[in-house]
Each structure stands twice: as C-alpha cells, then as structure tokens.
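Asker: Here it is: the structure, laid out below.
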C-alpha cells in the first residue's frame, strides 16, 4: 500500500470514533434521564446505569482510536459484514411476512408465484453470504449461512407460524458467529498489548516513555485526524449557513453583521467541545504551516519544502491558540462571547504567523542586498513580500481597533502587531543601505553603527511590549482570579521574552562598549601613514581612508576591528593578545610606593622613565602613561622583576653600602641589559602614536624576560 494511501486510511478510519466522542461529550445524560424517566422505568435503566453507559462509550471510542491500522480494518470489515447480515435478515423477514399473508401452505413447486419469490430471496441471501465471506476472508462459508435458515424452513414446508421463530434463531446464530470472531481478534490484540507492556517495563526510563509517546503520536496521525474532524464540522456548519440564506431574516442578518462576523461565528460554533478545540488547534497549525511554506515557495522556489525549523512549521501558532483558549475559558462561554474572544485569539495567532514569515523573509532579503545579486526577480519577490508584511499588520490593527473598544490590553496586542511592521521597515532600510553601498564606490565607515542602531531600536520596542505584557498579566493575576496555568504562562513569558531578551541585549551592549573602549584607545592613522602603508583592510579587503593602528602596527578599519573585538581580544593577523588599560592616565604622584615612586596597577601600561641616577637617590621621577592597547605581557608590572616602573627596575641592584654577593655578580650582566632595555624607550606625550621600534620592543619584552 502506498504511503499516502495508508495515511488516508488512518485518517478516515479513525474519524468515526472521534465523532462519537464529540457526540458523547455533547450528550446531556442527566437531561436525557429526566426526559425519558418513564421509558427508563419500564426498561429498568436507572440514571446510574446511563452514566455507566456514557463512560463505557467514551472508553470504547478511545480504544478504537488507539487500535493499529490492521485491527481497525478488521473491525470495520466485521461491522460491514454485520450490517450486510442484518439487511439479509430483514429481507428474509419481509419474505416470511409475504408468505404468511398469502397463507399458502403447500410446496413452493406447486405455485409459480411462490417459486419466483423464493428464488429471488434465495439469490439475494446467497450473494450476501458470499460477500460476507469475501470481506472476512474466511473459507468457512457455512458459518455465515444462518440467514438461509428461514428459507430452508419454507422449503421444508414448515407451518407459516414457525417461520418467524426460525428467522430469529438464524439472526442470533449469525450474531454469535460475528461476536466469536471479534472475541478472537480481541484476544490477539490483548496478547500483543501485553507483550508491548512487558517490553516497555523491562526499561521504563523517561526517555523510553517519551519515545513511545512520539511514536504513538506519529503512528496514530493525531493532528491529521483532528484537523479532518474539525474541517468536517466546519463544512457542515457552512452548508447549514448557506442553506439558511434563502430566508429574508438571514439576508438581513448578513447585511447587518457582514461576512467576517458570520464566518467567525461559524468557527466559534465548531469549537464548543475539547475535541473540536483540538481540531481547531491542529487546523490553525496546518494553515499557518501552509502560509509559511507558501511564503518560502514564493521566495526560494521548491527548495522551500525541505524540512525547516520547528518554529516555522506552525507549531507556535497552534500552541498559542490552545493555551489562550484554555487560559481564558473559551469552552464555557456563550456563543456571542466565544465569538469575540476567538476573534482576539485568532488575531494573536495571525500576528505570530506574520512574525514567523518576517523571520523567513528578513535573511533572504538581507542576503540579496549583501551579496549584490543581479537577479532582478529575486529582488522583486523579496521586496514585494516585505511590503505585504509591512501593510498586513497595519490593516489588521486597524480592523481590530474598530471591532473592539480600545483598552490597555488591546493596545498591547495592537502594539505587538505593529512591531512586525516596524521590523520589516527596518529590514527594508538595511536592504536599501546594502543596495546603495556599491554605488558609492567605497564602503561606509559608519555602516555597522547604523545597522546596530536599527536592530537595537527594534529589539528595544519588542522588549518594552513584552515587559508591558508581563506587568499587565501580573497585575491581572494579583487583582483578579489567580490560576496555576496563568501563573505558569506569565513565568514562561517572563523568562523567554523578558529575561532572555534583556540578558542578550545587555551582553551585546557590553561587547560593543568594551570594543568601543578598546578602539578609542588606539591611535588613528594619518593620511601620510595610510599612503605609506598602501594596503587594504585585512578583514573586509577594502581600501582604507580612515584606519586605526594596532599595537602590533597592523592597520584596520575601525568598524571592522570593532566587530572583530566582539569575538576575541587579539589582532586579526598576528593573533597577539591585547588588554584594556585600567585607566587612560595615571595622575602624577598618585599611588606612590614605599620608595616614593608611583605603583602602576595591574594591566596598566606605564611609560618608561629616564633616570640619570642609577643608584636610586630618591629624586622625583616623571611617570607618564602610554595610551592605547598593549600586548599582554608588556605592561609596566613584571611579576618576576618587581613591581616598580620599568624605567627604574627596582630590585635589580643590591642595596647601597653592601658589596654584591657571588650570585648577584653572576646575574649582573642580565640585569644591566634589562636596565639598558628599560632606559632605551623614550617617553611620549599622551595621544601621540608609538614608534615602530617601540612596538617591536614592547612585543619582544616577553621573550627577554628571565625564566
């Protein structure tokens, strides 16, 4: 059997028990017992037994829904065979009534009319028996010949008064045969279920249970079954509504309320039970999936039908509708109230669908602009879809504002809807910048700041709307009716839409702030330096009209280097680590050490001192901080040489008045070379870029440090 045919059979065969479940839920047992109390008294059926039948019907329908496909096929074949045997029994009963009315008691061969009637009845009964044997795939045809007993009794010339009794006996035998076959199938089904339970109990882990639930969900085709059930209900409701348009009152109602309200009212009528609400949930999920796939197909062609993100498969829309319906008590409302509430819920779901479609269109359009694609129709498709996403939320907000009285809650919903239009507007603005950039001939230095500003504005508005939703929901839960479901929804919304967004935004802002601080401490390249350098930016491979100089003498665009610093604190070319100075300037005389010399903080780059006195006579020295980022390891503090400024290098000479020891005499050449290295670096004023030799000496300081 092909896969699509098997899936169709799954849906069609599981649909009747779902319909019966919905009918049983609508059935008012107590009202039925009160209305049929005289009949129930004659049949000796108290109300307790009616409730037992009610719950037994629910259980039986659930069991039928959970049956595998082969068992479902056997069940329906037996039901069809039972129906055929019942029709055969009715045909035999009609034949016997006709014979009793005629009153003929002789053999049927003596009367041509009786012989014709007998031949017709016998042919029909044999055809029914053969068809039942074919459906049940059994060769024991004799077990299905019970409907032929009345005809055989008439052929044996039994009295007409005994023929009805023989007919009832034949019907009872046929029913017992079918019940025996059903019991045999049920025994095999229970045996298979027991084997499956034993296999599951051997390893009853939580992951095994989840795997079993997912497998049953897919095998039973639950979304398709409930979606088909709701579509059947909605189709019947539409046909009923269309049939009532012929009357003048229905025409007046249509002209007064309009098509939209009548359509929403029909949808509200089709979600009055939990089963129909589940059907509406899955139907909305499939509708959202169809719209998203249609948008992908419009943008990218048939590659859109590949498996994508689970959030772009209509799951979010269906779950949103179900949670809102449960939270607001949709099933317990009257039809008019349910219609208005369902309108708001569907508005929220439509907003979520447009947001998902915007998430699909945004990377496609930005990729077109950034790659400078020359495919004109791709640009037309992307821009036209974004224009639709720009206008649709505005139209929806306009209609919902005229449909309801505006309050704070509705204002939040409209704001969240209009956020989609603002995001699409920002996407179109960025796309326009990408398209216009090649026409300028050179890249824009402030492009990254503009892009960040557009995205930051959009995310900030989203965060404010989410914060308003949490605040209003919390106030409603505290001042009004509090429920566990409402509290859980608020907590989930607060975590995902408020806390995670706030943390992500703060992390992004911190990265930009750190990167901006690093960039601000770097020296800017002059026109002469850029002319002498005569190279491209190693990050974007574009010419440099404005550039910054790294401590390792590499030139980069400021924006490119800022984006690189978001990732790591190294040079993009030589990968030499850099660090941020603790302050941009060390105040003169601040933080003096025990010998009167200022003590630089860890991580601070301090200019080298020029000392004319090598014996540390206590004269005042001028310490100036060298601005900019310096490679890690080139700071003024060396943990193995002491904590003073590099120009003074305390601890390298023995105290005055004492002759050096043998060990100090052995280390004296190394100390003198380090002393000369510290004195060879010239102190520069603040803001002046370091020389190339200084950068080389600073970067090579780590290699000359003593072990």
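Using N, Cα and C of the backbone, Cβ positions are placed for all residues, glycine too.
So TrEMBL lists the following for this protein:
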COMPBIAS  641-658  compositional bias 'Low complexity'
COMPBIAS  695-707  compositional bias 'Polar residues'
DOMAIN    537-575  domain 'RING-type'
TRANSMEM  52-70  transmembrane segment
TRANSMEM  75-93  transmembrane segment
TRANSMEM  113-133  transmembrane segment
TRANSMEM  220-245  transmembrane segment
TRANSMEM  275-294  transmembrane segment
TRANSMEM  315-333  transmembrane segment
TRANSMEM  382-402  transmembrane segment
TRANSMEM  408-435  transmembrane segment
TRANSMEM  456-476  transmembrane segment
TRANSMEM  482-500  transmembrane segment
Asker: Relative to the transmembrane segment (220-245), which of 75-93, 113-133, 275-294, 315-333, 482-500 accounts for the most Cβ pairs at distances under 8 Å?
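Answerer: Comparing 75-93, 113-133, 275-294, 315-333, 482-500: 275-294 has the most Cβ pairs near the transmembrane segment (220-245).
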Asker: Take every residue in the domain 'RING-type' (537-575), average their pLDDT values, and give the whole-number result.
Answerer: 85
Asker: May I ask for the residues of the chain that lie six or more residues beyond the transmembrane segment (75-93) and have a Cβ under 8 Å from a Cβ within it?
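Answerer: Distant Cβ neighbours of the transmembrane segment (75-93) are 13, 64, 67, 121, 124-125, 128-129, 131-132, 135-136, 144, 146-147, 150-151, 164, 167, 170-171, 174-175, 178, 181-182, 185.
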Asker: By Cβ distance under 8 Å, which residues at least 6 away from the ends of the transmembrane segment (315-333) in the same chain are close to it?
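Answerer: Sequence-distant neighbours of the transmembrane segment (315-333): 271-274, 277-278, 280-282, 284-285, 288, 341-342, 345-346, 348-349, 352-353, 356, 483, 485-486, 489.
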Asker: Work out, from DSSP, the number of helix, strand and coil residues along the domain 'RING-type' (537-575).
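Answerer: DSSP classes over the domain 'RING-type' (537-575) add up to 8 helix, 6 strand, 25 coil.
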